[in-house]
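In TrEMBL this protein carries:
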{"type": "TRANSMEM", "residues": "A:12-31", "note": "transmembrane segment"}
{"type": "DOMAIN", "residues": "A:96-301", "note": "domain 'ABC transmembrane type-1'"}
{"type": "TRANSMEM", "residues": "A:100-123", "note": "transmembrane segment"}
{"type": "TRANSMEM", "residues": "A:135-162", "note": "transmembrane segment"}
{"type": "TRANSMEM", "residues": "A:182-201", "note": "transmembrane segment"}
{"type": "TRANSMEM", "residues": "A:236-263", "note": "transmembrane segment"}
{"type": "TRANSMEM", "residues": "A:283-308", "note": "transmembrane segment"}
Amino acid sequence: MSLAWFARRLMLMVYTVIVVSMLVFAITQILPADAAQSLLGENATPEVLAALRTRLGLGDPAWLQYGRWARHVFTGDFGISMRTSLPVGPEMLAALSRSLLLAVSAILVTLAIAVPLGVVAALRQGRLTDTGVSLIAYLGVSLPEFVTATLLALLLADTWHWLPATGYVSPLEDFGDGIRHLALPVLTVSLILVAHVMRMMRSETLDVLKSDYIRAARLKGLPERTVVFRHALRNALLPVVTIIALDVGYLLGGIIVIEEIFAIPGIGRALMVAITTRDLPSIQAGALIMAATYAVTNTLADMAYAFLDPRIRYD
Amino acid sequence: MTELFIRLMRKPQGFVGIVLLALIAAACLFGPALAPYAPEKIDFLGRFRAPGWQNWLGADQFGRDILSRLMVGARSTVPLAFIATFVGSAAGATIGVGSAYLGGRTDEAIMRTIDAVMAIPGLLMALLLVSTLGNGAGNAVIAIAVAFAPGMARVTRSAALNVRNQDYVKAAIARGEGAPWIIFREMLPNVMAPIVIESTIRVSFAVMLFATLSFLGVGAQPPASEWGLMVADARQYMHQAPWGLIAPSAAIALTAIAFNLVGDGLRDALNPKDER
């Protein structure tokens with residue numbers, strides 16, 4: 001991993017954030033013919049409309065509006081919420097931390113389930129276990145989050161009363177209760193991710209098992225256990241880093257629905273509230289923070305990948 | 001074409017997928033005619049009626065027959081997802097092939113920008129667009145199409161890069177053909193296979209995305225019997241009538257599975273060498 005590659009990757013990340021910020025701003029503020037009207041609705045009085053237009057600077061050319069917004073965002077100032085009249089930035093970042101807790105837990109649970117299942121499916125290719133695992137994977141990717149979430153809530157919270165259906169308790173305040181409240185959302189996210197990671201893990205393991213060095217290890221007379229765990233798994237696990245990073249993008253989208261259903265005050269729910277109450281600064285901040293999180297995670301994953309697999313030479 | 005179909009039907013997954021698709025298509029075409037009841041027919045004596053001979057899949061909070069609503073609702077779910085995917089794929093494919101044709105720094109710049117756009121999750125992009133354009137099924141279709149275009153562009157471009165170096169494309173350039181001719185008549189027909197596979201699988205995402213938007217209240221609007229909307233409705237009554245929740249969920253899942261299966265089947269049928 002050369003320094004030049006490192007620098008180039010960082011520049012790509014910055015470029016991504018800039019493009020995303022332009023898009024978010026364009027869609028939310030420039031695209032509507034009159035953003036003030038669409039924010040306040042049909043019944044707004046002309047004075048209020050005029051006041052909002054001045055506040056948002058809607059009279060200025062688009063690039064000037066964007067420049068002003070971007071300059072503030074760059075210094076961490078996302079504006080004042082039109083709903084709560086509080087600064088948007090701190091509120092969104094606090095929400096993001098709760099979402100990240102959910103996301104990281106889900107990824108850990110996913111890895112713990114999906115990696116062994118994928119390997120087992122690959123080792124038993126074509127047999128009943130493999131078919132079963134593939135079927136579950138299919139079901140996992142074919143159910144939208146809101147369906148999985150609702151069905152799980154119906155089963156685990158409503159019928160069997162194992163877990164609380166909605167709400168959020170910070171694990172820092174009450175660890176046990178916090179985990180119990182997190183369990184359903186984490187399970188929902190994991191179910192979908194497991195399907196995805198498991199499929200990849202299966203095909204990666206199959207590929208690696210066909211390679212020459214595995215054949216050599218077998219011919220050498222190594223026990224199957226050593227071949228699988230010490231030789232095959234190491235290489236088969238590598239792409240999982242990339243897949244998890246790509247899934248973070250999916251995760252951030254899915255989190256909007258899941259937080260809405262389970263009433264978790266994370267960034268997804270904050271964004272939904274902002275959209276339904278037409279709180280422009282919050283929409284812009286929420287969308288930008290989500291996309292930036294994705295860009296950063298992806299960059300980190302790329303770097304981790306290059307670090308873990310020295311064979312890879314990007315140039 | 002027929003040979004491809006036979007090869008697709010020979011694998012169990014392809015067969016199941018095609019059969020499911022045929023059922024869905026039948027529901028879209030003849031749903032309203034075949035449905036046992038009118039989808040909006042209210043029956044207060046039959047509120048929350050359990051599945052049985054009167055209502056095969058049960059009745060909802062107004063005593064409306066769930067099976068009938070599902071059959072009629074197929075029309076307001078599947079075709080729209082199809083259109084969204086088609087528009088998004090067409091736009092994405094054009095960008096992808098165009099980028100591969102231009103090549104060099106332009107290609108690099110286009111692809112890096114596409115990568116950047118893809119940092120916005122599909123659902124977030126769709127939500128942002130719908131919140132700007134206004135709630136409703138039509139705007140949801142536009143939003144999904146826009147959200148799909150960058151991904152399609154990326155897939156198409158990687159396939160088109162190989163085609164770009166083929167002799168027939170070089171010959172066309174040497175003949176002095178214009179860019180539109182080369183992009184649409186020379187290159188695009190030769191990258192159709194990956195585009196068709198990817199789009200088929202994407203229809204299942206579109207169905208889910210569309211249902212999700214309706215579920216969140218920004219897609220199809222009541223009293224439409226769109227499936228995501230039906231799930232959202234039934235959620236409040238899940239104690240009294242869990243079937244109201246399960247039936248539309250199963251419909252969404254089956255549709256998504258059908259397109260997934262056919263997409264995977266097509267991939268196998270078009271690349272017989274790959275045994276995975």
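Placement of Cβ uses the backbone N, Cα and C atoms for every residue, glycine included.
All TrEMBL annotations are machine predictions without curation.
The shown structure was predicted, so the numbers you read here are calculated from the model rather than taken from an experiment.
Touching of the transmembrane segment (A:236-263) and the transmembrane segment (A:100-123) is concluded from the presence of at least three CB pairs under 8 A, sequence neighbours closer than 6 excluded. No contact links the transmembrane segment (A:283-308) to the transmembrane segment (A:135-162), because fewer than 3 Cβ pairs that are 6 or more residues apart lie under 8 A. Distant neighbours of the transmembrane segment (A:135-162): 184-185, 187-189, 191-192, 194-196, 198-199, 254, 257-258, 261-262; these residues of the same chain sit at least 6 beyond its ends, with a Cβ under 8 Å from one of its Cβ atoms. Under 8 Å from some Cβ of the transmembrane segment (A:182-201) lie the Cβ atoms of residues 101-103, 105-107, 109-111, 113-115, 117-119, 121-122, 133-134, 136-141, 143, 145, 148-149, 152-153, 156-157, 163-165, 168, 171, 236, 239-240, 243-244, 247, 250-251, 254-255, 258-259, 262, 264, all in the same chain and six or more residues away from its ends.
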